[in-house]
Amino acid sequence: MDLFSDQYITSDEMLSSRPSQQFNVIRRVYQQDALNKDADYQVPDRPLGHRCKKLVNSCGIGECLLNSVPLIRWLPKYKTKEYLVGDLVAGATTAVMHIPQGMAYALLSEVPPIVGLYMAFFPVLIYVIFGTSPHISMGTFAVACLMAGKVVTQHATVLDVTHGNSTNGSTAPETGIEYTPIQVVSVVCLCVGMYQIVMWMFRLGAVSTLLSDSLVSGFTTAASFQVVASQLKDLFGVKIGKTSGNYKVVFTIVEVVKNLPNLNWAAFVISLITCIVIALNNELLKPWVSKRSRVPVPVELLAIVVGTLVSKFGGLKEQFGISLVGHIPTGLPVPQVPAIELIPQVAVDAFTITMVTYTISMSMALIFAAKEKYEIDANQELLALGASNVFASFFCCIPFCASLSRSYIQYQAGSKTGVTSVVSASLILCVLLWIGPFFEDLPRCVLAGIIVVSLKGMFMQMKELTKFWGLSKLDAMVWLITFLVTLIVNIDIGLGAGLLASVGALFCRSQKPYTCLLGRVLDTDLYLDTKRYRAAEELPGIKIFHYCGGLNFASKNLFRSTLFRKIGYMKPAVVTHDEDNNLTKSESYEWDPSISHKVQCVIIDATALSYVDAPGIKSLIAVQRELVSSNITVLLAGANGPVLEMIERYNNLEAERLQLDTFPTVHDAVVYYNVSEARKHDVPVTIAP
């Protein structure tokens, strides 16, 4: 480097705000070692003792309580004058939505409708203490309830309300004990809660990123069709047998079609009226009201109240044989320990529910956090969800989740803090203690209509396929695979297929990194893709290879072959002419022995090289050895600190070392090579700006 300590570079840079103004940057030509010395580079020192001390200090009793119980942070700062009115209005509005949605979604889990109201009370109170999002409405969610219902049909003795008899699922193989649906959903809720607490202990909050947007969209869209299929029997008032296992949607539709001659016209008309009224409210009345009031019209609540009154005074069950909700107990349930012996049988399904509910809840929480500019602690959310589910499992609850529709209405109604959830839970408590039996005569077809209309938002996600197709064909394929397998086969298999498709998409992307040859823009130190910038011209005898991505065991062979093809070291084995006399290249390649006459220097632009491992470094050594044997100089430019540190560690441990001249920028490498070649041949040194 001393040889060039007196050399300087001058480059022109255009100011974006004033295109006509220029300024010159003058500095010496740097090799990486010289720059490290001048800039006082050092590897960040993170001794184990310091990290342990920092961890202990951050885990003091006071700090630990504040971090684990966010309620202690925000409740003392509660501004009554600013927040109370909004929280009261939002809480009342959310409670009104909880009643019809809770009762309706509970049917998806094959449990009594009252369980949906329990979910709007018990777990919500725990979430207020530990949760970090004040705007999401926790409770029943169609997809989570449907997934829990799948487990119930497998492991419980289900009382079929429409038939009035029992349908047996699988029982404990050792004891032959039959479990009620309440017992099964309780142990599923407990298992989900335990999974979430274990994930919190190991700080696995980032696990939600394993489910990509395309996967979640395809999965929830298909699950919404599964929900509709499960409600067809109530919508049409037909009696069909319970279907379980794979291809449930297909078998359900076939059974419903077979039983259409036995259609209960009264149930069908009530379902149709319910759907039309709620849909008209959502499309016409709700937008009009939202401009004039932040409290929406509780049309779902009105639907179940009117439906109950019509059924009670019109004798719908006696005259038309319409199925009703049935007995609804008053008061709070007695705490019961879940059937622990069922945990091994439901563990796999519970893990699937854990991933889905956590991902959906986190996604919704992040939406509102971005709007209101506050932070969501992903790990703390695991604790909040886990503690809520464990507590709720002793009170006959289904695993709970955030609801998009309720959350948006709660936010629009003026929710400010967790007090909104407390107000909502208090009103639900009043319903549980005194009002519950009123809804015993509610037709199930009304609840089915509420469920179907509430899924409109998920149905509309079908449009996202065109968006994913335009952005990335791989993301679109993930969406399609997840959607089709979930819809046709089953929910858990669909989620697994979606995960495999996502991993496959990641692997495909890693095998197709962005690579190109760079050329220099005249009179600048800018080096750009020659295929995309016509003003960028390759330098004579110099090939600048740009590689974007990680260089590891999976991509090392791709890196080597792509580099050789780009610089011309490997050329097409056969070049022919097609019918239009155009050149066509074969897919096979052969070595070009005359490469050294065309290329004297290869500069590897590592500015976008994110990571390198030992096999990747070995591939660099092999590339350098092959090119040097052909009298081609190899230089490395723009590598970041961690990459250079990895190379240094490798050189200290391995006998075969990577000895490359490294430079902070491509321009440094170009100038260095030109000057060294000029001095080698006693040619006057001229450095262009």
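Cβ coordinates come from backbone N, Cα and C, glycine included.
Feature annotation from TrEMBL assigns domain 'STAS' to 532-673.
For 83-99 (among others), the entry in TrEMBL reads transmembrane segment.
With a cut-off of 8 Å between Cβ atoms, the residues of this chain six or more beyond the transmembrane segment (111-130) that come close are 68-71, 95, 98-99, 101-105, 138-140, 152, 181-182, 185, 325-329, 333, 380, 383-385, 387-389, 391-392, 395-398, 400, 418, 421-422, 424-425, 428-429, 431-432, 436, 439, 442, 447. Annotated transmembrane segment per TrEMBL: 111-130 (among others), in sequence order.
Beyond its flanks by at least six residues, the transmembrane segment (184-202) meets 109, 111, 115, 148, 151-152, 155-156, 336, 338-340, 342-343, 346-347, 349-351, 353-354, 357-358, 379-380, 382-383, 385-394, 396-399 of its own chain at Cβ-Cβ distances under 8 Å. Residues or ranges marked as transmembrane segment in TrEMBL: 184-202 (among others).
Same-chain neighbours of the transmembrane segment (265-285): 234-237, 297, 299-300, 303, 307, 316, 319-320, 322-323, 443, 445-446, 448-450, 452-453, 456, counting only residues six or more beyond its ends whose CB sits under 8 Å from a CB of the stretch. Annotated transmembrane segment per TrEMBL: 265-285 (among others), in sequence order.
If you look up TrEMBL, you'll see 297-315 (among others) marked as transmembrane segment.
Within the chain carrying the transmembrane segment (350-370), a Cβ under 8 angstroms from the stretch's Cβ atoms is held by residues 132-133, 135-136, 138, 141, 143-144, 147-148, 151, 188, 191-192, 195-196, 199, 207-208, 210-211, 216, 219-220, 376, 378, 381-382, 385, 399-402, 404, 407, 411, 491-492, 495, all 6 or more beyond its ends. As annotated by TrEMBL, transmembrane segment applies to 350-370 (among others).
Marked as transmembrane segment by TrEMBL: 382-405 (among others).
Annotation source TrEMBL lists transmembrane segment at 417-435 (among others). Proximity of distant same-chain residues to the transmembrane segment (417-435), defined by a Cβ-Cβ separation under 8 Å and at least 6 residues beyond the stretch ends, is recorded for 71, 74, 78, 83-84, 86-88, 90-92, 94-95, 98-99, 114, 117-118, 120-121, 124-125, 127-128, 131, 134, 137-138, 330-332, 410.
Among the features that TrEMBL reports, transmembrane segment is placed at 442-459 (among others). When Cβ-Cβ distances below 8 Å are used as the criterion, the transmembrane segment (442-459) is approached by residues 100-101, 103-105, 107-108, 113, 142, 161, 220-221, 223-224, 227-228, 231, 234-235, 237, 267-268, 270-275, 278-279, 282, 300, 303-304, 307-308, 311, 316, 322-325, 404-405 of the same chain, each at least six residues removed from its ends.
Residues or ranges marked as transmembrane segment by TrEMBL: 479-508 (among others).
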Long-range CB partners for the transmembrane segment (479-508) (under 8 A, at least six residues beyond its ends), listed in sequence order, are 146-147, 150, 210-212, 214-215, 217-219, 221-223, 225-226, 245-250, 348-349, 352, 355-356, 464-465, 468, 554
Lying 6 or more residues past either end of the transmembrane segment (297-315) yet within Cβ distance under 8 Å of it, the residues of that chain are 93, 96-97, 99-101, 103, 270, 274, 277-278, 281-282, 285-286, 289, 322, 324, 438-439, 441-443, 446-447, 449-450, 454
Counted with DSSP (H/G/I as helix, E/B as strand, rest coil), the domain 'STAS' (532-673) has 53 helix, 40 strand, 49 coil
On average, residues of the domain 'STAS' (532-673) score a pLDDT of 86
